[in-house]
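**Q** According to Swiss-Prot, the protein carries these features:
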DOMAIN    25-412  domain 'Helicase ATP-binding'
BINDING   G38, V39, T40, G41, S42, G43, K44, T45  ATP binding site
MOTIF     91-114  motif 'Beta-hairpin'
REGION    601-623  region 'Disordered'
COMPBIAS  614-623  compositional bias 'Basic and acidic residues'
DOMAIN    632-667  domain 'UVR'
Amino acid sequence: MSEFQLVTRFQPAGDQPEAIRLMVEGIEAGLAHQTLLGVTGSGKTFSIANVIAQVQRPTLVLAPNKTLAAQLYGEFKAFFPNNAVEYFVSYYDYYQPEAYVPSSDTFIEKDASINDHIEQMRLSATKALLERKDAIIVTTVSCIYGLGSPETYLKMVLHVDRGDKLDQRALLRRLADLQYTRNDMDFARATFRVRGDVIDIYPAESDLEAIRIELFDDEVESISAFDPLTGEVIRKLPRFTFYPKSHYVTPRETLLDAIEGIKVELQERLEYLRSNNKLVEAQRLEQRTRFDLEMILELGYCNGIENYSRYLSGRPAGAAPPTLYDYLPADALLVIDESHVSVPQVGAMYKGDRSRKETLVEYGFRLPSALDNRPMRFDEWEGVSPQTIFVSATPGNYEAEHAGRVVEQVVRPTGLVDPQVEVRPALTQVDDLLSEITKRVAVEERVLVTTLTKRMAEDLTDYLADHGVRVRYLHSDIDTVERVEIIRDLRLGTFDVLVGINLLREGLDMPEVSLVAILDADKEGFLRSERSLIQTIGRAARNLNGRAILYADRITGSMERAIGETERRRDKQIAFNLANGITPKGVVKDVADIMEGATVPGSRSKKRKGMAKAAEENARYENELRSPSEITKRIRQLEEKMYQLARDLEFEAAAQMRDEITKLRERLLTV
């Protein structure tokens, strides 16, 4: 059996050894809940990695959003390169659920765009849980939404062993049952191609390997894994298991039983609607449902098949839907990162989904059984959650009520102490901020500024830009990937100041930031609560010269508690450093770390090495350019290459070219 192998050059330090020991003790003692109260930059992820390596249990890591999930995925992947670290988040790039607005008689059709790469990673995650004990799944709140039941899913898997008697046509039929399609021209995920007695199959959950089955006289002579791009055989295999293309694939007999159940419910619902003189709703429901039934009968699925999940999973009315938690082994561990945000998210999902579906049922767009296609309720989630570790710098009320043990991790391994907190008058906050920014920019450090409203953030950004500050504004309309790019550019020094409202808090890892400025800190409310203030102050805790300035005309209760807690932690950290002769060291972290491994579909290490080599050669060549005409000519050449790469969908390489062009244009101004 595979074991978790933690690969790192670091040893636990500061508060980490004691925190790891206490958490492992708590898990082995059977504590249902523990809280790791760890300050920003104290290495909470490293401590959790050590706990996983010691207890040797499959682990589900729940993050509050995709950005943090991607960051955690990259970190765990680096800690456990020889184990199954997987990424399970919503596979929708865009999702518009079906809805009905009775006031305007408007029906909105379901519309969605599925990210193929994330769908592959989700399938890979469930496969890892079913096949291996050494699995770490990094997920978001999407893990509480309905998924095909593991029992049905496992009934559909196809095992092929070398030496098996296997009729070729029977094999192709089984692959079709798994919703794989034959495509001899375009060999992609969840497709297969046939060349005589050789069948190439690209598994739905695989990113870089396809499987070749060679038959001789209806016997499996050879099974091998090969690179679908080059055709190079990677290794020979004694056996292989093929999983369905979707978690919702269902055996034929279950589908036939489900169709009968749906017909019975449809008849009952039609009688109810007609008896209440809702003839339009009855006609609409009958037409839509019979169309779905016909599709299921012919193709094995239909658009919106998840609305019939009660029948497909065989669960009684009102029962909790099958979710990712059903795939977890009994001895699994649950780690909830930034639990003060993640736990309330779990509770919020059910009610919004319910009210939308009740309208659809009432007006004849769906059968009442569609209400069972839903996320888990909070009490159901509590019932299926395994042993749990809450991780947060500012635990919420739920954690306080359920914490069997609170483990503090206040002292950082680097010796860094919490930032100094100053309170300054709000009357002159903008001018004072401008002078502080000038000081930080002079020593190549970065600044975060948090305001109360969008309007205020926009006005401040314009004002700073007018005074020659390189500034950007981060707001809720910016999508996840662009947000990550903005944070990356801040760290790289493309600009110096980032202004935001509520997006500069949990988990963002920016060691270059030495100043956090909180405007109007005395305006009590959600954005200036004790928890929000501590989290925002913590953004400067990874820098040796970290400082937080709160602009306020009075000290509120939240400010007093936040400053008091920061001072308590700071005093403890300084005392530990003095007692152990530790000199604080700044954090140095590779900028490429932010979303490594979770955003680039089908990325191959060879391709990345080639791109890095090309970038080095470009840099050498560009340093030799002297005259403005040479630089201008080079810019034109690179622009042509960049547009060609974009046309070839090589966006990562095109982005590198764009960065090179920007540098050359800056040089052109100084030549």
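Any Cβ shown, glycine's included, is placed from N, Cα and C.
Predicted, not measured: the structure shown is a model, and the values here were computed from it.
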**Q** Would you mind pulling the DSSP three-state label for S42 (ATP binding site)?
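**A** It is coil.
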**Q** Quick one: give me the count of other CB atoms within 10 A of the CB of G38 (ATP binding site).
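**A** Taking all protein chains shown, G38 (ATP binding site) has 23 Cβ neighbours within 10 Å.
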**Q** In the domain 'UVR' (632-667), how many residues does DSSP assign to helix, to strand and to coil?
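**A** Taking each residue of the domain 'UVR' (632-667) in turn, the totals are 33 helix, 0 strand, 3 coil.
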**Q** Tell me which residues of the chain lie with their Cβ under 8 angstroms from that of K44 (ATP binding site), as long as they are six or more apart in sequence?
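**A** Non-local contacts for K44 (ATP binding site): L36, G38, D337, V391, Q409.
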**Q** Validating a neighbour-count step here. Other CB atoms within 10 A of the CB of T45 (ATP binding site): how many?
**A** 21
**Q** Within 8 Å of the Cβ centroid of the ATP site residues G38, V39, T40, G41, S42, G43, K44, T45, which other residues of the same chain have their Cβ?
**A** S47, A393, Q409, R412
**Q** Under 8 Å between C-beta atoms and at least six residues away from its ends: which parts of the chain pack against the motif 'Beta-hairpin' (91-114)?
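**A** Result: 122, 303-304, 356, 359-360, 363, 365.
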**Q** Would you mind ranking the binding-site residues T40, S42 by how many other Cβ atoms sit within 10 Å of each Cβ and giving me the lowest?
**A** T40
**Q** With DSSP as the reference, give the number of residues of the motif 'Beta-hairpin' (91-114) in helix, strand and coil.
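**A** In the motif 'Beta-hairpin' (91-114), the DSSP-based counts are 3 helix, 15 strand, 6 coil.
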**Q** Quick one: mean pLDDT on the domain 'UVR' (632-667)?
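**A** Averaging the confidence scores along the domain 'UVR' (632-667) gives 83.
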